[in-house]
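J.: Input: one structure, supplied below.
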Amino acid sequence: MDNKRLYNGNLSNIPEVIDPGITIPIYEEDIRNDTRMNTNARSVRVSDKRGRSSSTSPQKIGSYRTRAGRFSDTLTNLLPSISAKLHHSKKSTPVVVVPPTSSTPDSLNSTTYAPRVSSDSFTVATPLSLQSTTTRTRTRNNTVSSQITASSSLTTDVGNATSANIWSANAESNTSSSPLFDYPLATSYFEPLTRFKSTDNYTLPQTAQLNSFLEKNGNPNIWSSAGNSNTDHLNTPIVNRQRSQSQSTTNRVYTDAPYYQQPAQNYQVQVPPRVPKSTSISPVILDDVDPASINWITANQKVPLVNQISALLPTNTISISNVFPLQPTQQHQQNAVNLTSTSLATLCSQYGKVLSARTLRGLNMALVEFSTVESAICALEALQGKELSKVGAPSTVSFARVLPMYEQPLNVNGFNNTPKQPLLQEQLNHGVLNYQLQQSLQQPELQQQPTSFNQPNLTYCNPTQNLSHLQLSSNENEPYPFPLPPPSLSDSKKDILHTISSFKLEYDHLELNHLLQNALKNKGVSDTNYFGPLPEHNSKVPKRKDTFDAPKLRELRKQFDSNSLSTIEMEQLAIVMLDQLPELSSDYLGNTVIQKLFENSSNIIRDIMLRKCNKYLTSMGVHKNGTWVCQKIIKMANTPRQINLVTSGVSDYCTPLFNDQFGNYVIQGILKFGFPWNSFIFESVLSHFWTIVQNRYGSRAVRACLEADSIITQCQLLTITSLIIVLSPYLATDTNGTLLITWLLDTCTLPNKNLILCDKLVNKNLVKLCCHKLGSLTVLKILNLRGGEEEALSKNKIIHAIFDGPISSDSILFQILDEGNYGPTFIYKVLTSRILDNSVRDEAITKIRQLILNSNINLQSRQLLEEVGLSSAGISPKQSSKNHRKQHPQGFHSPGRARGVSVSSVRSSNSRHNSVIQMNNAGPTPALNFNPAPMSEINSYFNNQQVVYSGNQNQNQNGNSNGLDELNSQFDSFRIANGTNLSLPIVNLPNVSNNNNNYNNSGYSSQMNPLSRSVSHNNNNNTNNYNNNDNDNNNNNNNNNNNNNNNNNNNNNSNNSNNNNNNDTSLYRYRSYGY
């Protein structure tokens, strides 16, 4: 734009002609020198015509849709009246040369570039610029026809307006108060308040509502001819019309044409009554805002998960990290001035109009909202990687979005009476959930917070919880049983050396000392979100002819694919692209071209290219396109010079690369360089071990390094393996860290690894691991190891540590059972698996039963109780051995259904599921007492039950006999010679009822197996009693047997009418096998 004149970096004096069919840019010519200013109008016009004919066609703005031909011909043919007025205005318009102002922009503003909007320019200011006193903005609806016709009706003596200065009247600025500081360079910061003159502005507003709105906000003189007018009238000055206005067909297209074609009138605007949401047009500037008070999302990965989003299109809002407060915040006193957000708004105002600027509490982040998306894009490109708030802490700028908050209607009486809503609805409305730990569960609970009247959004009163630790997996929600963070390298150095010596392998002591010393002195970046410097973007430098844009890159890629370029041409191309090499490496087309150049260039050219981009290898390696170039560079590096250049550019950022999705492949590629080039990788792992292994990608990258046993040295393998064993309790309880424990147990080939690991787990950590859901899986994995002597020894060491020892509250078994989270479940898994031998299992069940009956353990695991033969209800604490052992409560849903043996018991004892004997009685409820039997005498799944009926009844001590031996003998008699067991009938309990007569009426109704006959058995040993056998089925056979020890005794005591019955029925379960 050599021949185009700019007015103080503004295109306000460049009129436009917008026609439905064509769009034509109109420019005004530059004044070549100062002598031409004094020539007459005719000479100026002749010289301008010559200049236009000799110059090339002007560069067109990107927003115009069509090309314009010859400007003069097109303008004359389409709009003759406008062309005449334009030439008339050039004849009578003197050019005013204004020297540059003394105010200069600061260094930061001089290096940044404004967005490409219709009111801004990219041309750098010159020492002598043509400055106009017009308003710096104009609306797009101000067409050329409307502007010229409006200017032709004005005289030069009304105010200070001339025909050349048609946008404003004078240079008097608005002096309305602003809550912020003075921003001389913020040309679009307070546009509605500062760009309109108070008295002599002849440009009509676009809508009448804006005039009324501004007058109601403390500026009554906008667009008003009278300074003391406080009404909502649109007052225009009285002007002299020298000639009639020319009509144009283009005026009919626009809605504002009647305002410019008709005489201005004084009329009152009828505005519907409404209450504006905000009475201030200035941007919202807030410091130390609670992140939960606004509903916002961003693509930055440093924010809490509730505010993260994987992909976000460009928006008008950006999030800036590493924004620290400029002044200390007092706990009991609010800051009088928002210094941080105000300075941030000042900085961002040069890229466009700022609507709001907020700094978030506890996150060191800020949200800046612009009026347009283009302003946000420009600010993101300019501020990316800059040290905005603190030296050494570059800021990461990402797109963000502030979503509307759901606000419930306020309650006059208070906020506690708000109606309850479902949890999912509250989550959608507010987006904040607090997790409260209750034993083993983390139940989500919504924080009900009142609405704040200080901010327009919904705020929260007591935000005390940082949501950055919020995880999605159930294992991650479980807290760590050990104090965090784990011991550092300096604290665990002795343990590492002791573990290395336990392997009893030979290694290089000098290499080990060198590795540990460098790891202790490691000064690499520990921030996993900082990836080093970024290459300069193309938009920040002046555009040159040799810039490689997308069409050129696409053409080069076609030439590479067709092998049409020679080696010399490729090397020449590499030298030409040298300045843009880091930037093109991250381009979706440029990265393929750079890879081809590294593949086909000589070592000298590769060295030159590496020296240019080695400091950007980290930022390239974490980019989805640049990582391919970075891996290609590592693959093609084959000389010591090239290897040194690659390692020097990556060594300081090893930890961020480990934890990145694409950067971890860069580390694995450098690993092949071997010792000593890859030593910095293991030094970084030792120095930042817990930071790396907690990450999803970091733990897998460490495992990949350990599996490359052909590349790494014996010392490096021993050091990392020893550190894994030392921190194994922490790794076993972490979702990503447990991958290294699995590698150690399954893949590692070091001797005695299992025994060394068991010593570390058993020593003071076994109880916490067994009671942790994820940690117990590691213990079970060790117990299920199959192999040689080492695996057996490690398994026995854990089993003896758990089940050996005294039966007391200090034992490991008691502590595991007493833990209400996951400890009983772990014991149940150990008992039901094939880990234990039969003898060890029986001893373990006996010990568990004794602990449960003789201690205060409130065991809630029904499966474990059934596995050891106890009931899941009715176990009272501190039961002595004199009390009888209880069995399952016989409460059934239907009379014909009975509860049977548990599934685990059936599976472990190879028995068939039978129904338990049913009890139906019309008399008092029977009380169940159980006599415990030793494990050696009776199977734990068969229970000797004793039914005693309550009432005015006395137990007959003489009639009781030991039925256990008889039951055992009967079980033995039910075997056939070949060892096959028979299915026995299931006998129901008798229905015992007492009547007014002094005799016992016992009705026996039995239900036989479907394959056997129905038989009722009445057993009586006392011949002095009256026995009445009433059966519902008269066809049943009644057999009187004296085999069982069931005695019905009628004893006469002092109460003549009392009937004392002692029914000592020995109940048992029968072993039942399939037919």
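Cβ atoms here come from the backbone N, Cα and C positions, even for glycine.
It should be emphasised that the depicted structure is a prediction, and the values quoted were computed from it without experimental measurement.
Pulled these from Swiss-Prot:
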| type | residues | note |
| --- | --- | --- |
| REGION | 38-68 | region 'Disordered' |
| MOD_RES | SER72 | phosphoserine |
| REGION | 93-112 | region 'Disordered' |
| COMPBIAS | 93-105 | compositional bias 'Low complexity' |
| MOD_RES | SER198 | phosphoserine |
| DOMAIN | 316-402 | domain 'RRM' |
| DOMAIN | 511-872 | domain 'PUM-HD' |
| REPEAT | 574-611 | repeat 'Pumilio 1' |
| REPEAT | 612-647 | repeat 'Pumilio 2' |
| REPEAT | 649-683 | repeat 'Pumilio 3' |
| REPEAT | 684-719 | repeat 'Pumilio 4' |
| REPEAT | 722-758 | repeat 'Pumilio 5' |
| REPEAT | 760-800 | repeat 'Pumilio 6' |
| MOD_RES | SER872 | phosphoserine |
| REGION | 874-931 | region 'Disordered' |
| MOD_RES | SER876 | phosphoserine |
| COMPBIAS | 901-916 | compositional bias 'Low complexity' |
| REGION | 997-1075 | region 'Disordered' |
| COMPBIAS | 997-1009 | compositional bias 'Low complexity' |
| COMPBIAS | 1018-1063 | compositional bias 'Low complexity' |
J.: Same-chain Cβ contacts of the repeat 'Pumilio 5' (722-758) under 8 Å, 6 or more residues past its ends?
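T.: 473, 475-476, 478, 480-482, 486-487, 492, 495-497, 499-500, 502-505, 686, 689-690, 693-696, 698-700, 702-703, 706-707, 709, 765, 768-769, 772, 774-775, 777-778, 781-782, 785, 790-791, 793-794, 797-798.
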J.: For the domain 'RRM' (316-402), how many residues does DSSP put in helix, in strand and in coil?
T.: 24 helix, 24 strand, 39 coil
J.: Do you know the mean pLDDT across the domain 'RRM' (316-402)?
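T.: That region's mean pLDDT is 83.
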J.: Reported in the order helix, strand, coil, what are the DSSP residue counts of the repeat 'Pumilio 5' (722-758)?
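T.: Residue counts for the repeat 'Pumilio 5' (722-758) by secondary structure: 25 helix, 0 strand, 12 coil.
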J.: Going by DSSP, how much of the repeat 'Pumilio 6' (760-800) is helix, how much is strand and how much is coil, in residues?
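T.: Helix, strand, coil within the repeat 'Pumilio 6' (760-800): 34 helix, 0 strand, 7 coil.
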